[in-house]
Amino acid sequence: MTTLSVESVKGIILTALFLLTFIVGVIPVKLVNVWKKRSLTAEQASSINTGSNSDNQDESGLKPIFKRVISLLSCFAAGVFLATCFLDLLPGVRRTMTHVLYSFNIFTGFPIPEFIMVLGFFVILITEQVVLTYKEKRIHDNSVPNDKKPLLTNENENWQEDSVRSDHSITGIRDEPDFEVSVQSDASNEKETRLSRSDSHSHHNSILPHSSLRSLILLIALSMHSVFEGLAVGLQKTTGDVVGIFAALILHKSILGFSLGLNLVQSRLSQSLVIRSIFGFSISAPLGVGVGMGIMNLWDSSTSSLVQGLLQGVATGTFVYVTFFEVLPHEFNSQSDRLLKVLFLILGYSTVTGILFLSGDIKKPFCVVESEMNGHHK
């Protein structure tokens, strides 16, 4: 029986990582399409059978069920992001920077990993605020006074103004996902009022979607993290080590891929851009594997480790920003299923915790490594 070489095993893992992550990431997109078609079919049937009473479909049809399921899954994803940030990313930055500083004979009590993380946080915060300032200025320059507004307003301008309001609000998101399905007004409202205000109602009374900018920031942070995870696989020198890391990595990437797809599908991004984004995320870990295979000797240098630690620290800061400014406020500003959402948040957190705890890539605890270095320094 022929035994596969380490390079062959890495090649198989590279392909499996891409395919599984992409398939899992696309699942939320397909689910949304299926539910939208069912909702539209049910709404059309209700319109034929009950006429004007079809407005009550939102109360008893598929939309509330779908939104509730997506909301709970989003809370699960928030728990995944929370655990990934503080149990995976940040400890990795601490470990890397500790070894780098030790190799350069630098000993300090200053919290450098945390400083780099907050630096990444500020980079994303400043970037988003600059973009919003530019958008608001452009809207203001193109605005028309109320007494001179034409009778027919430009629908694209209305959407753009609402986009700025959404991004500039405290949370920047809707209480519930929109999925291009607007919530109907109460049955007591007059039909003429609903028709004349349908556009403004769909933008203002239904809840604003995820900020597209923050969703893309999350995509970049996750992709950077995935590249370094792939590097960990590509740098291994034995088949046992490769398979051990892959077993934990594939489950971790599947959960992150689904959570990212769920976040992207609730943003203003088009479906084609969402799929391309998922493709980019899916290829990031295999890219890291390939790079690791090509630079196995180079990556052992202290300079390379320093670059890795800096990039991971910035990625961690972006993760903190997106988790606490986007994902968590998105769900907990809603008044429904509060305790159930907390439960799903804890389940998502516990899932990643379990994966990290049972991972075959168990290293010596960080506190032990640090104490050994301090003892050697003394």
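Residue numbering: from 1, along the chain as shown.
Cβ atoms are placed via backbone N, Cα and C, with glycine included.
TrEMBL has this to say about the protein:
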- 12-32: transmembrane segment (TRANSMEM)
- 69-90: transmembrane segment (TRANSMEM)
- 110-132: transmembrane segment (TRANSMEM)
- 145-207: region 'Disordered' (REGION)
- 162-176: compositional bias 'Basic and acidic residues' (COMPBIAS)
- 188-202: compositional bias 'Basic and acidic residues' (COMPBIAS)
- 216-236: transmembrane segment (TRANSMEM)
- 242-265: transmembrane segment (TRANSMEM)
- 277-299: transmembrane segment (TRANSMEM)
- 305-327: transmembrane segment (TRANSMEM)
- 339-358: transmembrane segment (TRANSMEM)
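The largest share of C-beta pairs under 8 angstroms with the transmembrane segment (69-90) comes from 339-358, of the ranges 12-32, 110-132, 216-236, 305-327, 339-358. Sequence-distant contacts of the transmembrane segment (110-132), counting only residues of its own chain at least 6 positions beyond either end whose CB sits under 8 Å from a CB of the stretch, comprise 90, 93-94, 97, 101, 164, 167-168, 211, 213-214, 217, 309-310, 313-318, 320-322.
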